[in-house]
Amino acid sequence: MKPTAFDYIRPTSLPEALAILAEHSDDVAILAGGQSLMPLLNFRMSRPALVLDINDISELQQVRCENDTLYVGSMVRHCRVEQEEIFRSTIPLMSEAMTSVAHIQIKTRGTLGGNLCNAHPASEMPAVITALGASMVCKSEKRGERVLTPEEFFEGALQNGLQSDELLCEIRIPVPSQYVGWAFEEVARRHGDFAQCGAAVLIGAEDRKIDYARIALCSIGETPIRFHALEQWLIGRPVGNDLPADVKLHCREILDVAEDSTMTAENRAKLASAVTSRAIARAADRIVHLDVKRG
């Protein structure tokens, strides 16, 4: 298959791109890495009048860390998140999770912003971003800048909170304390496939009792699920050998998941409980090692 005919514009600055979006917002497709858009065009599932290619906008490719916040341009490629030291040293959870995302060919072209805008329920990065408490910075010529939380940005399966004339420009990610343990775990049919279930975990402890927890799951619902109930249950719990088994049992009791064509609700709850307990065990192990270094 080949795409239907469309106009093509490749701006070199953000103001230029926003002006084009303002003029053509009713029938435009934004080309970032193209890993989702190009198949849709080729199968004629998407038939835009205009394709706006944002690959030459340098403002969207920058990464910097200031005041305990990592500022990531929406056009930063997956391979940079996985490999560059600024990510590995400040937010290693992202780099670890990125090893499970797709394959090297896709990671070389795919972008963080494009992945988030695609908002696939089984995608890893939306869950990671949710666990980290990141903010999405959206800009338009008319509205200026809007900053959305993950809960505001991810509206449903393949649905995001962008207005038709807006562009996701930056992701702002709070840098966790160096004493916070972290881990990402998932189960997929093959490495690089979409997750059947994934868990992103951040936990901290003082005197070997958990005093901080942020957990988000993917492939459980239409959007990333922030596991507030488990976070609250973890606070005050001791970090020890019994923690993973206790977490697994408690998850089974409180998880509410829907059945779909790929898995029964019971099996998905079992899978999510196992994946979450495994991630918490690894994050807790990192807390122990950090405590040793701190001591």
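Count begins at 1; order follows the chain as displayed.
Using N, Cα and C of the backbone, Cβ positions are placed for all residues, glycine too.
Since the structure is predicted, the reported quantities are computational estimates derived from the model, not experimental observations.
The following features are taken from Swiss-Prot:
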BINDING   A32, G33, G34, Q35, S36, T111, L112, G113, G114, N115  FAD binding site
DOMAIN    1-178  domain 'FAD-binding PCMH-type'
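Figure note: comparing Cβ neighbours within 10 Å for the binding-site residues G34, G114, the maximum is reached by G114.
The record gives A32, G33, G34, Q35, S36, T111, L112, G113, G114, N115 for FAD. Within 8 Å of the mean position of their Cβ atoms, the other Cβ atoms in that chain belong to R109, G110, C117, N118. Between the two most distant C-alpha atoms of the annotated FAD binders (A32, G33, G34, Q35, S36, T111, L112, G113, G114, N115) there are 12 Å. Considering other CB atoms within 10 Å as the measure, the emptiest surroundings among the binding-site residues A32, S36, L112 are those of S36.
Per-residue confidence over the domain 'FAD-binding PCMH-type' (1-178) averages out at a pLDDT of 97.
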